[in-house]
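Working notes, beginning with the structure itself.
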Protein chains: 2
Amino acid sequence: MNTPRIDGERLARRIARLAEVGAIEGGGCARLALGDADRAGRDLVCGWMRELGLDVRVDAIGNVVGVRAGRVDGAPVMTGSHIDTVGTGGRYDGNYGVLAGLEVVAALNDAGVRTEHPLAVAFFTNEEGVRFAPDMMGSQVYAGSLALGEALAARGIDGPTVGEELARIGYAGAAPVPGPVPRAFVELHIEQGPVLDREGVDIGVVESVQGISWTEVDIRGTANHAGTTPMALRRDAGWAAGALIACVRELALELGGSQVATVGRIEFFPNLINVVPRQARLGVDLRNTDEAQLQLAEARLAAHLENLRAAEGVDIATRSLARFAPVRFAPEMAARIERHARALGLSTRRMPSGAGHDAQMLAAVCPTAMIFVPSVEGISHNVREFTHPHHLEAGARVLLTVLCELAGGPALSAARTTG
Amino acid sequence: MNTPRIDGERLARRIARLAEVGAIEGGGCARLALGDADRAGRDLVCGWMRELGLDVRVDAIGNVVGVRAGRVDGAPVMTGSHIDTVGTGGRYDGNYGVLAGLEVVAALNDAGVRTEHPLAVAFFTNEEGVRFAPDMMGSQVYAGSLALGEALAARGIDGPTVGEELARIGYAGAAPVPGPVPRAFVELHIEQGPVLDREGVDIGVVESVQGISWTEVDIRGTANHAGTTPMALRRDAGWAAGALIACVRELALELGGSQVATVGRIEFFPNLINVVPRQARLGVDLRNTDEAQLQLAEARLAAHLENLRAAEGVDIATRSLARFAPVRFAPEMAARIERHARALGLSTRRMPSGAGHDAQMLAAVCPTAMIFVPSVEGISHNVREFTHPHHLEAGARVLLTVLCELAGGPALSAARTTG
């Protein structure tokens, strides 16, 4: 048995190869959940899993788990993330965590190391939630916090349901959900924010995940001629939408702290330059690390909507598309990541995650933590998303060390404890 | 020779029949300029023109003019409007003026009346400007204020150019443009606003048309993750778009008077709930009866854009999609309409037009005026657009009387003058 070593170039090659699937201009990817590109990406990663000797299992919501046997049977130590992307996604978000998991397996294989407990690498269905709501769908179903039937019935923005698309692309698997509870779960991910890059820190030790509240706001007014309808007589759904966007920014600035608020999606009907819009539909994204603050943000949004109703005489309906309370990861898991990263000579910083991640779902069923590596300029959900190769390698080294310890393998850093 | 009489039921039947072409739910029409439904509507109206004995001429921009010979050759007295609609159009806007023109011809035919000068009924291409900019395209080319080549090259929101679509639907005609100058032009139209209906007045004597300024605003920011990007670091094109909508309303209220301002069209890119928009594109519609005030509105819009640029660090480009100065119609034409309407026992009101109309283009080349009839609740560009049959008939009676006098026919009301 040799000492397992991460091969940064092999990891980079797999990232580049997966990025060719659904490639878009500028070096990014468009692999919306359960579309043709997602299927092609899944097929590629499943092939790699089998080449590495993993036992590949697909469950009823299309999550894929590749298991490497341990010396004993039983629950595996699991790592993983997702390989679906947003429409203008980068190549690292999600993919990096899955492919670093495969690199850990490859390193153990090369060194002839067998761990005490099984090791599993997973990718979860529809983490992004762009095509189907809610996001983190696969990990929610895996962890038992979303019913399978509800997830399968979710209808995509382009028409078909999750169930229909899973069957179409051949990923409606036989493994049961909720899935087997892992011994522990560790997710490696790019930060998708600017903090580590700006501070020059190598590794983010993620202690918590922001709560997320997604609301669809549907405003109904009266369509009318833009030239002949006096301003005072309008019920302008478009104006109400614009005012709402301004209110959403305002509530984020008023609450301060970790509060962020975004209107990323909008549609007007009939959407013609000379017609006062009869309808506007918007998506509002509110996030906070503190549940009480997040509820306050939601209450302010509701109050703004009430004011707009009164001011413009429009009708407003809202629908929750996703709602997750903030999550606090197991403190001993964060401490373990921090200890090993430092023992490997890497600088660390404790931080919350501003984005939602599959790990927050797994946190409900087993000890869980996340490792972040820097994103240059914090750019993500954008083709310009970039993480330096030496950071990609550093994150995978931490992941290897932590998984090895959790699974009862050899001690790979000076930081080993009996944890 | 008998006295020509408008047959209100025959007029209503033609309106109902034309409304079957491109019919949409709720009783409205979708016949966007030069699409398949517009072609079908054109074919129907051209057939009626020929049945009525008119000499049908199609010009190079697809305007159709049906001429009824007079006792002498020379320039005709012309009436007409348009038969294209917005995507959620009613059945009266434009169509009423064209079909009332045909009803005048039918009434003259039935009575065996021949006028001194020829009489022409026209419908002009792409008045609405929804699919191709600028609006009032056909009448602009007819009157020589827009070059044919520029109009033919205009690209539609769905891809093809005006020239391509004219050829495809068979309406790239041989008659030259600019077209022959009429002796006079009278356009009969529904008000598309609430004034006549609210005041219970039968006939609007239109003295002027509001100036129109259409601007496309293209805002570029940076796409980024909605959860991890602190508010202070955003270059959010979507927020800037929302703030702009609020500014547009504000400038209308500040200027007051006849100023109206609308954002009817918007698009975000990539338009995903969890991505800060990298780009937003909006259409801004500003109108005023006073050119100086309209220029002031444009200047305020530009100032708001400058502020948004500075506040959010976004890039903003603007493009003028249409710009028409306010138009004042020939006073003697308005006086003629008023005199005849009153002599027919109808109540009248002098007013400006809040909407743009083909008549404003013809006003540059010949004595021109417009006749308005009430729109119930002022609703237009909407399937609920409605004008009572007795008002449709009353407007056609005024049109008949005025055209008859202008063309040197028999005196049909007590108001005949040597005008």
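Residue positions begin at 1 at the first shown residue.
Note: Cβ is positioned from N, Cα and C throughout, glycine not excepted.
The Zn(2+) 1 site recorded in TrEMBL includes B:H82, B:D93, and the single candidate from B:H117, B:H189 that the record places there is B:H189. Site annotation for Zn(2+) 2 in TrEMBL covers B:D93, B:H381, and the matching candidate from B:E51, B:E116, B:E128, B:E405 is B:E128. Spatial neighbours are here defined as Cα atoms within 10 angstroms of one another, and by that definition the neighbours of B:H381 (Zn(2+) 2 binding site) among the binding-site residues B:H82, B:D93, B:H189 are B:D93.
Between the binding-site residues B:D93, B:E128, the minimum number of other C-beta atoms within 10 Å of a residue's C-beta occurs at B:E128.
In the predicted model, residues of the domain 'Peptidase M20 dimerisation' (B:210-308) average a pLDDT of 95.
Within the domain 'Peptidase M20 dimerisation' (B:210-308), the DSSP-based counts of helix, strand and coil residues read 40 helix, 34 strand, 25 coil. B:E128 (Zn(2+) 2 binding site) sits 9 Å from B:H82 (Zn(2+) 1 binding site), counting Cα to Cα.
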